[in-house]
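Written out below as structure tokens is the structure these notes cover.
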């Protein structure tokens with residue numbers, strides 16, 4: 001009897017070819033598109049995998065391949081678990097990655113649960129990554145896709161063993177050009193469809209405007225720009241509009257190439273400094289998930305990535321706080337260690353695990369020195385004779 005697999009079809013070339021490859025491999029395929037765009041999105045809104053046109057593309061591909069296709073309403077679930085999370089973290093001075101959250105909670109938790117109702121024990125997506133089971137330990141492993149330019153293992157680091165055991169990534173052994181060529185051979189209209197480069201629920205990538213429109217009653221409180229010595233050198237618009245490493249859009253000329261080196265949430269301050277000050281060698285991470293190992297018991301040398309686009313860098317990870325957090329110490333300074341972003345650990349092509357960056361341990365927030373108020377002419381300063 002054929003095994004049934006639910007394929008998450010976004011209307012793009014990757015998920016379309018995923019469905020085709022699984023058919024060729026002898027699976028019974030059910031195509032599913034998740035309806036997750038916000039309820040208040042305009043009818044013609046485009047947002048990558050969330051747009052209405054993407055659903056139509058997925059339907060057409062499923063029809064051409066001869067597989068059933070369903071649209072599942074995940075709006076409320078996505079709203080609560082991804083969009084609200086994104087806003088909450090930004091308002092708290094963090095820089096979250098909503099795609100990582102979506103992968104774990106929506107695609108590989110919510111969709112897996114729905115797949116059982118459709119008679120499928122497994123799901124498949126068009127991610128460029130690999131899964132295999134270690135014959136010695138029995139653990140499921142997550143590996144880089146062979147196309148280094150498209151590898152998505154970083155954004156999948158928080159998958160559980162259960163999720164990995166029930167997931168297929170057919171594209172992990174292919175390059176993107178090979179997938180486009182395969183789509184063309186199959187006569188799929190999406191063969192040349194461009195990749196989505198946006199956060200799906202923020203089509204124009206303007207997250208600042210998104211926050212202002214979504215939280216109109218929230219006071220984006222202005223506060224001080226301060227230098228590394230704590231001197232107040234300007235006024236910012238509100239912490240959610242800045243992120244570590246940012247140079248453009250600061251809104252103030254400082255007389256030198258200025259970068260955001262930290263957000264001081266307690267004092268509502270943005271710390272500014274030169275490019276060199278953005279770098280650090282040590283960070284603290286928590287909210288850990290381990291894949292290749294059951295847990296970290298002793299220091300381990302790995303390659304670590306502190307953002308999706310970063311190159312892996314040699315580091316030693318050491319457990320702290322009874323193993324609920326790790327200190328990551330890099331061999332060389334890393335630029336823009338950003339609280340809220342993921343740090344992912346590799347050995348060779350395989351993901352060891354990862355977590356969420358709490359803070360740059362090499363950075364000490366300055367004590368803010370507010371300027372003395374200027375005396376008003378003709379008025380004696382209080383306490384003086």
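Note that Cβ sites are derived from N, Cα and C of the backbone, with glycine treated the same way.
Marked as active site, nucleophile by Swiss-Prot on the basis of sequence analysis: 102. According to Swiss-Prot, the ATP binding site annotation covers 8, 9, 10, 11, 12, 13, 14, 15, 34, 126. Sequence annotations record features per position, and here Swiss-Prot assigns disulfide bond to 102-200. Residues or ranges marked as site 'Interaction with tRNA' in Swiss-Prot (evidence: sequence analysis): 127, 341.
Mapped onto three states, the DSSP output places residue 8 (ATP binding site) in strand.
The recorded positions recorded for this entry are 102, 127, 200, and the Cα of 127 lies nearest to that of residue 14 (ATP binding site). Residues listed for ATP, 8, 9, 10, 11, 12, 13, 14, 15, 34, 126, cover a largest CA to CA span of 16 Å. For residue 341 (site 'Interaction with tRNA'), the same-chain residues lying six or more positions away in sequence with a CB closer than 8 A to its CB are 95, 96, 97, 306, 307, 356, 357.
Take the CB of residue 14 (ATP binding site) and look out to 10 A: across all protein chains shown you find 24 other CB atoms. A Cα-Cα distance of 10 Å separates residue 127 (site 'Interaction with tRNA') from residue 8 (ATP binding site). Calculated from their C-alpha atoms, the gap between the residue listed as 'active site, nucleophile' and residue 12 (ATP binding site) amounts to 17 Å. Cα spacing between residue 34 (ATP binding site) and residue 200 (disulfide bond): 12 Å, rounded to the nearest whole number. In the three-state DSSP scheme, residue 14 (ATP binding site) is classed as helix.
Of all the Cβ atoms in the protein chains shown, 26 others lie within 10 Å of the Cβ of residue 34 (ATP binding site). Of the recorded residues, residue 10 (ATP binding site) and residue 200 (disulfide bond) place their C-alpha atoms 11 Å from one another. Taking the recorded positions 127, 200 in turn and counting surrounding C-beta atoms within 10 angstroms, the largest count is reached at 127. Around residue 12 (ATP binding site), taking its Cβ as the centre, 22 other Cβ atoms fall within 10 Å, counting all chains.
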